[in-house]
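Quick look at what Swiss-Prot lists:
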- 32-78: disulfide bond (DISULFID)
- 46-93: disulfide bond (DISULFID)
- 55-108: disulfide bond (DISULFID)
- 59-110: disulfide bond (DISULFID)
- 113-120: disulfide bond (DISULFID)
- 36: N-linked glycosylation site (CARBOHYD)
- 1-24: signal peptide (SIGNAL)
């Protein structure tokens, strides 16, 4: 009788531990999701700040310790799944000024990094020289 209860308890614990990481990934605080961001917009006749909806967060990715010709390297990045352009007028602009058209995210997803419009290198080539690896200091 004791062994039966122990086996049942082991099965319940194993099932709970198996489901927990699955739920943690979807409820993760830093996962890929919609995020409000304030940006500064300028043009000759006016300037100001606007708040847009964009995508931000972490995506699960793997990085092999060795280069392989059989296994393609890919990195997951948080990017727009669905988006549209929205017309934005800045406060303080003279009347008759053309509006800004800003891409606004409607939904986000972790997708394979597309090298045609995203810097997918491990260390960006555009990294400012003042940023150094603390291990190299």
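Glycine is treated like the rest: Cβ placed from N, Cα and C.
Taking Cβ-Cβ distances under 8 Å and a sequence gap of 6 or more within the same chain, the neighbours of residue 93 (disulfide bond) are 45, 46, 48. The Cβ of residue 46 (disulfide bond) has 15 other Cβ atoms within 10 Å, all protein chains considered. In terms of C-alpha distance, the listed disulfide-bonded residues 32, 55, 59 place 59 closest to residue 113 (disulfide bond). Across the fold, the C-alpha of residue 78 (disulfide bond) and the C-alpha of residue 110 (disulfide bond) stand 5 Å from each other.
Within 10 Å of the Cα of residue 36 (N-linked glycosylation site), the following disulfide-bonded residues from the list 55, 59, 108, 110 place their own Cα: 55.
Of the disulfide-bonded residues 108, 110, 113, 108 has the largest number of other Cβ atoms within 10 Å of its own Cβ.
A separation of roughly 10 Å, to the nearest angstrom, links the Cα atoms of residue 55 (disulfide bond) and residue 110 (disulfide bond). Rounded to a whole value, the Cα-Cα separation of residue 108 (disulfide bond) and residue 32 (disulfide bond) is 7 Å.
In the three-state DSSP scheme, residue 113 (disulfide bond) is classed as coil.
Over all protein chains present, the Cβ of residue 55 (disulfide bond) has 21 other Cβ atoms lying within 10 Å. Following the DSSP three-state reduction, the secondary structure of the residue listed as 'N-linked glycosylation site' is strand.
A simple way to gauge crowding: the CB of residue 59 (disulfide bond) has 18 other CB atoms within 10 angstroms, across all the protein chains here. Taking the C-alpha positions, the distance from residue 110 (disulfide bond) to residue 32 (disulfide bond) comes to 7 Å.
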